[in-house]
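Report on the structure given below.
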């Protein structure tokens, strides 16, 4: 009864949260600030460059690069949602965050994460059609279908991200409001609720099944068909081209889905704050910075477009 009275008195006074962030060692925080600043700058420049190359080079105006452009936009937004506040935190200038700003971070984080899940599935379907049905590729993956698939990916991310965020932000919160994270991550914020959060955790698990396990199964099925088609190819040049494009996508899929499943569906996924910070850092900073490198370094057309742009300058 005493705890309930305390909760009722304090749940209405919560106007901001305190982000604990990383280490309290000033020297270590300064080193992390420099490292993360460089990676964040590379993330913005790399993904922006991919979008520019796709827009300028007519050879990259195909469905595969259309979806890659959307993936780069998601990565830019994804990193920009969390990293700037994390950098301020490392300098000791932004440990507090208002309730509204925290809710915005949760909302955008979920939207971009779920949208990327859908885009990776769409990209695997594009590769399946291109390799298994090359003669009908232009007919199946026409402009209207591509726009529809991209719109559906963004719409699903927005709808389910909004649903989860709204249910979390309606919970009553009691002091102390210290978030053991470097941004308002949904699992870390749920720990501060002074009520039963079982329903929220069940919803998170259900969304993980729908946006992680099922899409991953579809991707694996697509690549099983692709593998069966590749085994019938006798041309070494076509083998190399197929593995170049599919290998890049499979690398990104493995990094993204593997870490997401380990973070949200692994044993003790809601109890280890240290693991949450490391995996969230991977999502917010490392993965968005690797995607343009993976696609550009393993893709001949992207490298040729980059050289062409340099010659223009």
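Cβ atoms are placed via backbone N, Cα and C, with glycine included.
Feature annotation from TrEMBL assigns transmembrane segment to 27-56 (among others).
The domain 'G-protein coupled receptors family 1 profile' feature in TrEMBL is assigned to 46-295.
A Cβ distance under 8 Å defines the sequence-distant neighbours of the transmembrane segment (63-81), meaning residues of its chain 6+ beyond its ends; these are 40, 43-44, 47-48, 50-51, 54-55, 105, 108-109, 112-113, 115-116, 119-120, 122-123, 126-127, 130, 141, 146, 149-150, 153-154, 183, 245, 283-285, 287-289, 291-292, 295. Marked as transmembrane segment by TrEMBL: 63-81 (among others).
Counting residues 6+ beyond its ends, the transmembrane segment (106-125) has Cβ neighbours under 8 Å at 64, 67-68, 70-71, 74-75, 77-78, 81-82, 149-150, 152-154, 156-158, 160-162, 164-165, 168-169, 183-186, 189, 207, 211-212, 215, 218-219, 222-223, 249, 252-253, 256-257, 260, 283 in the same chain. Annotation comment: TrEMBL describes 106-125 (among others) as transmembrane segment.
The feature transmembrane segment is assigned by TrEMBL to 145-163 (among others).
Positions annotated as transmembrane segment by TrEMBL: 202-231 (among others).
Residues of the same chain lying 6 or more positions beyond the ends of the transmembrane segment (243-266) and with a Cβ under 8 Å from any Cβ of it are 64, 113, 116-117, 120, 123-124, 127, 131, 187, 204-205, 208, 212-213, 215-216, 219, 223, 226, 230, 275-276, 279-280, 282-283, 287, 290-291, 294-295, 298-300. Annotation source TrEMBL lists transmembrane segment at 243-266 (among others).
Within its own chain, the transmembrane segment (278-297) is flanked in space by residues 36, 39-40, 42-43, 46-47, 49-50, 68, 71-72, 75-76, 78-79, 81-83, 86, 113, 181-183, 185, 248, 251-252, 255-256, 259-260, 262-263, 303, 306, which lie at least six positions past its ends and keep a Cβ under 8 Å from the stretch. Summarising the annotation, TrEMBL assigns transmembrane segment to 278-297 (among others).
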